[in-house]
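Record features (Swiss-Prot):
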type	residues	note
BINDING	GLY80, ASN111	anthranilate 1 binding site
BINDING	GLY80, 83-84, THR88, 90-93, 108-116, SER120	5-phospho-alpha-D-ribose 1-diphosphate binding site
BINDING	SER92, GLU230	Mg(2+) 1 binding site
BINDING	ARG166	anthranilate 2 binding site
BINDING	ASP229, GLU230	Mg(2+) 2 binding site
Amino acid sequence: MTIEEALLGLLDGQTLISSEMESIMSEIMDGQISPIKIAAFLVLLRQRGEEVEEIYGAARAILNHAEQPILEGDPIDTCGTGGDGANTFNISTAASLIAHACGVKVAKHGNRSISSRCGSADVLEAMGFKIDLPKKETEELFKETGFVFLFAPIFHKAMKNVAPVRKELGLRTIFNMLGPLINPARTQRQIIGVYSKDLTGMFAQVLRQFDAKHCLILHGQTDEGGILDEPSVCGPTYISELQHGTVRTYTVHPEDFGLRRHSISQLKGGDARENAQIIWQILDKNGPEAREDAVVFTAGMACYVAELTPSIKEGIDKARQAIHSGAAKQSVERLLEKHRNLVI
């Protein structure tokens, strides 16, 4: 299928099958399609609404163009689509560090800030991590520590061919959905936060086509009417759980896990330096209850999808114990010591 045929089909409201979408996205990644046609394609997809087969095909194409690090041990990722407008601190990044302290292997995929003041790369860099490690050094570090950050521009170099169009458009497009689906390590266990309740089931169907093992795709809401691409300690969380090919959808509340309900204002973040300080406060056991609850909620889910614990509740308890025993801070300090000694 040519880009011209795809555009005409989209104008008629047609859905691209996954192979057609994969072909078009591959041409985009290869720099073979003009910026104006890329823009038209993205806008028409957005206007009609992206479908499961299209998201799957696009993700396949991008992964096929990515540099894939070989990371053994079935690592997990905690990642969100962004776009919730909540401006919280980096909850999923903090949770990934605490889950690692619990014994979970982590391949955290991320980038600098796009829709918020501080992206996962920004806050980790502010904490002292080297974020832009090449493939070889990433693989070696993972063997030693079981925790790595996969900086998107390093592993997805072909994305540079669409970056100017995305920036100039200034609209949410299919690429805003794809970030959590294109971890270059091809993680099979994930916590994915999405900006729309409708996306939880769609993402589960996409991940099932990728033969993912155990994933929680979730959308949080607040009692004040806001939304979160995180599990919510401020209201309900809608979850589509994919486990060994089966999807079930349900709703949970903080109280289901012994957590208090908090105001979203208590989770607000700032720039990279401020968010790094917030994470250190949590690790030092000086974080306000709301912040600690938000982090252990996600970390507990990470323990659950990694099958380190048989339930989310037990994962939450394990994550909180890691903080209160000092094990989480010690784990992060050991990681930072490794990063300080890296020679690239």
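The backbone N, Cα and C atoms fix where each Cβ goes, and this holds for glycine too.
Swiss-Prot feature annotations superimposed on the structure.
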| residue | record | contacts (Cβ under 8 Å, 6+ apart) |
| --- | --- | --- |
| GLY80 | anthranilate 1 binding site | SER92, PRO180, ILE192, GLY193, VAL194, TYR195, ASP229, GLU230 |
| THR88 | 5-phospho-alpha-D-ribose 1-diphosphate binding site | LEU228, GLU230, ILE264, LEU267, LYS268, GLY269, ALA294 |
| HIS109 | 5-phospho-alpha-D-ribose 1-diphosphate binding site | ASP77, CYS79, LEU150, ALA152, GLY179, PRO180, ILE182, ASN183, PRO184, ALA185, THR187 |
| ASN111 | anthranilate 1 binding site | GLY119, SER120, ALA121, PHE151, ALA152, PRO153, GLY179 |
| ARG112 | 5-phospho-alpha-D-ribose 1-diphosphate binding site | GLY119, ALA121, ASP122 |
| ARG166 | anthranilate 2 binding site | LEU42, THR173, PHE175 |
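Mapped onto three states, the DSSP output places ASN111 (anthranilate 1 binding site) in coil. Neighbour density for SER92 (5-phospho-alpha-D-ribose 1-diphosphate binding site): within 10 A of its CB lie 28 other CB atoms from the protein chains shown. DSSP assigns the residue listed as 'anthranilate 2 binding site' to a helix.
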